């Protein structure tokens, strides 16, 4: 597997496709460029999903996230683009991407984008676990 930025997301078979289970990931070092100023934007991305038949492979996810480092994107655009790419690669039952951008001009921006597979309904009372953030960048 390469160790340079890549737009390719690799997957592996869900080990328990008959069960809904929650996968939680944090990407505390996401960077892209502001399309207006060219200055770097930094964010912590929080990915929560319930896989269907495939799970995203972690190293490919890291290299995919790294591929945005030199690209200009508005916060709302990049969050939705990443979600769309992850959904296209994994076809999850449910996926939520939360992007917590660091302060810019005195304003923190959080963008939350969600996908729900057509026809999928969670079992009654599915509460997604709240994980303590491991990043020291923002609470």
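Keep in mind that glycine also has a Cβ here, set from the backbone N, Cα and C atoms.
Here's what Swiss-Prot has on this protein:
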- 34: active site, thioimide intermediate (ACT_SITE)
- 41: active site, proton donor (ACT_SITE)
- 56, 57, 58, 75, 76: substrate binding site (BINDING)
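Positions of Swiss-Prot features highlighted on the structure.
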residue : record                              : DSSP class
34      : active site, thioimide intermediate : coil
41      : active site, proton donor           : strand
56      : substrate binding site              : strand
75      : substrate binding site              : helix
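It is 9 Å from the Cα atom of residue 41 (active site, proton donor) to that of residue 75 (substrate binding site).
Ranked by how many other Cβ atoms sit within 10 Å of their Cβ, the recorded positions 41, 57, 76 place 76 at the bottom.
Cα of residue 58 (substrate binding site) to Cα of the residue listed as 'active site, thioimide intermediate': a span of 26 Å. Across the residues annotated as binding substrate (56, 57, 58, 75, 76), the widest Cα-Cα separation comes to 24 Å.
Rounded to a whole number, the C-alpha distance linking residue 56 (substrate binding site) with the residue listed as 'active site, thioimide intermediate' is 27 angstrom.
Sequence-distant contacts (6 or more apart, same chain, Cβ under 8 Å) of residue 34 (active site, thioimide intermediate) comprise 40, 41, 72, 104. Each of the binding-site residues 56, 58, 75 was assessed for Cβ neighbours inside 10 Å, and the highest tally belongs to 56.
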